[in-house]
Each structure stands twice: as C-alpha cells, then as structure tokens.
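A short worksheet on the structure shown next.
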C-alpha cells in the first residue's frame, strides 16, 4: 500500500514538472544558449557570455569549467580538473549544442582531440552561468 502511494506521488510530481515545462518554465539542467547571447568566449577553462536575468537585462557572466570536467582516457566527461591532462582548443556553437574542444592525453600517452557539449549542463540562473549535473 505504501509503495503504491509513493509510486502515485512520483507520477504526480513528474506530471507537474512536465506541465510546467510545457507552459514555459525552464528546466534546471543546461540550455544556457537559449537565454545568453554573443559574444561567447572560452579562455582556458573559463566560459563567458552575456546572459539575461529575470528582468530581461543582459550582463556578462563567467564560469570556470575545470571543476566540472575531467579527462577519462582522452574523453571529456563530468568530473574535475581536466586542465591537468588536457589543453583547451576552443569552442563551437552549433545551434543548440555548444561544444568545447580540447586535446587530452589518453592512458597510453597519446593525445587526442575531444569535445563535450556543455549546453547540456550549463544553465543561466538569473543572469549567472551555473553548472548542473543532470
């Protein structure tokens, strides 16, 4: 009986979240490119953009990505300290995806080019860039 109530509560919560999203509420994960504008830049591991706050005003915001990304055998993944074994190589905004590029060392010592779509994790929190693990 208790497990049925918990299941019903979970379904109800999911429906409320879906309803909010369909009615214009933003998801808490990623999507910063929808409310931030150029010029975008990535210098070293720091992302910068002009982001709108709740009042619609734009201000410059920056976020150091190094505490949130890691090198896993030549692949950028969520973690920390990717700068220790990777060299940042820039970014590309391709519609919704926002890829950062880096050359990263593999376990065998080879260096490979890799990328990570940070738009899945970086959000605009009232004009401030924020990382969300989703």
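The backbone N, Cα and C atoms fix where each Cβ goes, glycine too.
Any TrEMBL annotation is an automated prediction that lacks curation.
The signal peptide annotation in TrEMBL covers 1-27. Annotation source TrEMBL lists domain 'Cyanovirin-N' at 31-131.
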- Query: DSSP helix, strand and coil counts for the domain 'Cyanovirin-N' (31-131)?
  - Reply: 9 helix, 61 strand, 31 coil
- Please give the average pLDDT for the domain 'Cyanovirin-N' (31-131) in this predicted model. 95
